[in-house]
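The block underneath contains the structure these notes are about, expressed in structure tokens.
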Amino acid sequence: MSFDAVVIGSGVIGLSIARELDNRGLKVAMVARDLAEDSLSVGFASPWAGCNWYSFAEGGTPAAEWDAITFSKLAKLAEDHPDLCEKIPFCSVWDLPKSDSESEPWFKDLVFEYKKLKSTPGQHLAGGKKFGYSFKSYVLHAPNYIRHLSSEIRARGIPIHRYRLSSIDEAYNLPGIGKVSLVVNASGLGAKSLIGVEDEKVYSGRGQTVLVRAPGFKACIMHTEGFYADLDESGREITPPPPAYIIPRPGPEGHVVLGGVYQKDNWSTLPDLKEAERILKDCYNLAPELAGPNGKSWKDIEIISHNVGLRPAREGEPRLEIEEREVGTGANGGNGYEVAPKFGCEGERRKVAVVHAYGIGSAGFQASLGMAEKASDLVEKYLSGRRTSAKL
């Protein structure tokens, strides 16, 4: 069998793109170091996500469009797989006054039942905050959704090869796949070190969460201001307080993800227990119900696990574009090629292309279906152009 394209990476972006390409009738194969069944691997971020649809993209940007496309497709997933995707109440709360443009999100007319909130004697907001807004949106079970996508892709006959690429050139002629003219680079953090890409703008956005058990808790609460700032000896604020969020998971387990942390260029995969305590305190302040009907403090919250994930972020903006290039003997020099494996760097010199789709940071799940749609548009356009040229 010959393939139209190879997708590098089996996180939520790579899997979503592979499925979309298959939907369009293209023959696709996948190659990745970490696979969906590696749900305890810290080598990729997807299994560790809190996973809700709460866009923090700036309105009118490509990222906002990806989020909107994804949102429009989640209703079907929630209907077919309520154990993977569920529509629940959301709220975002804060204390400091904001202008209307700051306090109203671009997606207020997209989500369900949006309304502005203000604390009154008769209406107290989460954490005793003064302002907020509420709506209904979707939460997903990240590790199970990744496994679901992977199982669906395998059921369609799409091969997924476990292989660690050193250079992008290798992907154009892999054993068991053969020659292709197009590769989709959804390698996430791997784009920083993959020879032939080596994107210096890519960085790790370390996240840490606490998975807890709180049966019956079904509300997603976001608090971007945080409660506790780091102070110096005189009591002055050194850094602003980290945000806090509460994201229930679909399914019967009663699991809830508590966060949050976003630490740029921190590559540690070890949980920081001091940070975990801060997360538990913050989330208890927002929702004491997490501690159960008899709970009296954050210490009564039932902890399941401490988790760390490295978000594949990128300076400026995510990268979604096509790059035309060459592979084969003499095609590339420098940029690490002197130490690259010879496989993929030798042989017939030919023109190829790569569609880059990485650097989405914290927004992987909520942007995945939109990003897959736009990446697939680029793939189709390129392959159509090659077929047209071949006929001339």
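Keep in mind that glycine also has a Cβ here, set from the backbone N, Cα and C atoms.
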Which single residue out of ARG206, ARG311, ARG314, ARG319 does Swiss-Prot record at the anthranilate 1 site shared with TYR245, SER362?
ARG311
Could you check which of the binding-site residues PHE56, TYR245, TYR262 is the closest Cα neighbour of ARG33 (FAD binding site)?
TYR262
State which of the following binding-site residues has the fewest other Cβ atoms within 10 Å around its Cβ: SER10, SER362, GLN366.
SER362
What's the number of neighbouring CB atoms sitting within 10 A of the CB on TYR262 (anthranilate 2 binding site)?
16
What kind of secondary structure is SER10 (FAD binding site) part of, going by DSSP in three states?
coil
